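The domain 'Thiamine phosphate synthase/TenI' annotation in TrEMBL covers 12-194. If you look up TrEMBL, you'll see GLN40, PHE41, ARG42, GLU43, LYS44, ASN75, SER113, LYS142 marked as 4-amino-2-methyl-5-(diphosphooxymethyl)pyrimidine binding site. Look at TrEMBL and you will find ASP76, ASP95 tagged as Mg(2+) binding site.
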Amino acid sequence: MSHYIKQSLRKYFIMGSQNCSHDPTEILESAAEAGITAFQFREKGPKSLTGNAKLELGKQLRDICRKHHIPFIVNDDIDLVTPLDADGIHVGQEDQSVEELRKMFPTKIIGLSVSNSYEVENSPLQVVDYVGAGPIFATNTKSDAKAPVGVEWITTLRKQFPDQPIVGIGGINTENALSVIEAGADGVSFITAITTANDINLAVQRL
Ligand code: TZP
Ligand code: MG
């Protein structure tokens, strides 16, 4: 399981329609063709879809992931996990407890964001499949993002948890992705590195 998770975290693309200047299904299709290894549906914040429109977009994006054999993870929306038959769910520190989630979804992938040692000490990491560590670099994508923690946060986590699947998040692009991997992450996750790329194929290759 852990080996499969680590491989899936390698190039982990996250987005919702609010991040896209054109059709999100086209963007995901291009990214999947180019070789992303996982996708997270994060439909939230200003200009995001709600209700049935959100569900319908989720289904389309899920089908693209299925076609390309990559895990489809939903962000926060516990209510979407079953209707979308998602492969997993990613939550932050302020969301539903991961112990509760594990009871609800015994076999799904569960990811948890951790930004500092306090959060790590107070999180039951044994029930999660991977941690998202960040924001590593400054980002404008998430309005309530915490201060950047740098690749040192990856180094710290890797020392403390030699076998834990870890993915970096926040401000990761084609120029700095390697530094995140070199610090010990299993992979990188990113929104704007793809949604604003002129050439999605090239951006995924470089990442
Ligand atoms: N969580 C921490 S930073 C972030 C999220 C969802 C946004 C990442 O977006 P980008 O565009 O890759 O910096
Ligand atoms: Mg959240």
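Each Cβ is built from the backbone N, Cα and C atoms, and glycine gets one as well.
Bear in mind that TrEMBL entries carry predicted annotations, made automatically and left uncurated.
Filtering GLN40, PHE41, ASP95, LYS142 by Cβ distance to ligand 2 (under 6 A) retains the following binding-site residues: ASP95. Taking the domain 'Thiamine phosphate synthase/TenI' (12-194) as a whole, pLDDT averages 97 in the prediction.
Here the C-alpha separation of PHE41 (4-amino-2-methyl-5-(diphosphooxymethyl)pyrimidine binding site) and ASP76 (Mg(2+) binding site) works out to 9 Å.
Long-range Cβ neighbours of ARG42 (4-amino-2-methyl-5-(diphosphooxymethyl)pyrimidine binding site) (same chain, at least 6 residues apart, Cβ-Cβ under 8 Å): ILE14, MET15, GLY16, ASN19, ASN75, ASP76, ILE191. Straight-line distance linking the Cα atoms of SER113 (4-amino-2-methyl-5-(diphosphooxymethyl)pyrimidine binding site) and ASP95 (Mg(2+) binding site), rounded to a whole number, equals 10 Å. Across the structure, LYS44 (4-amino-2-methyl-5-(diphosphooxymethyl)pyrimidine binding site) and ASP95 (Mg(2+) binding site) place their CA atoms 14 angstrom apart. Each of the binding-site residues GLU43, ASP76, ASP95 was assessed for Cβ neighbours inside 10 Å, and the highest tally belongs to GLU43.
Sequence-distant neighbours of LYS142 (4-amino-2-methyl-5-(diphosphooxymethyl)pyrimidine binding site) (same chain, six or more apart, CB under 8 Å from its CB) are GLY45, PRO135, GLY170, listed in sequence order. Comparing ASP95 (Mg(2+) binding site) with GLU43 (4-amino-2-methyl-5-(diphosphooxymethyl)pyrimidine binding site), their Cα atoms are 15 Å apart once rounded. LYS142 are the binding-site residues among GLU43, LYS44, LYS142 whose C-beta comes within less than 6 Å of an atom of ligand 1, given in sequence order. Taken residue by residue with DSSP, GLU43 (4-amino-2-methyl-5-(diphosphooxymethyl)pyrimidine binding site) is part of neither helix nor strand, so it is coil. Ranking the binding-site residues GLN40, ASN75, SER113 by how many Cβ atoms sit within 10 Å of each one's Cβ puts GLN40 at the top.
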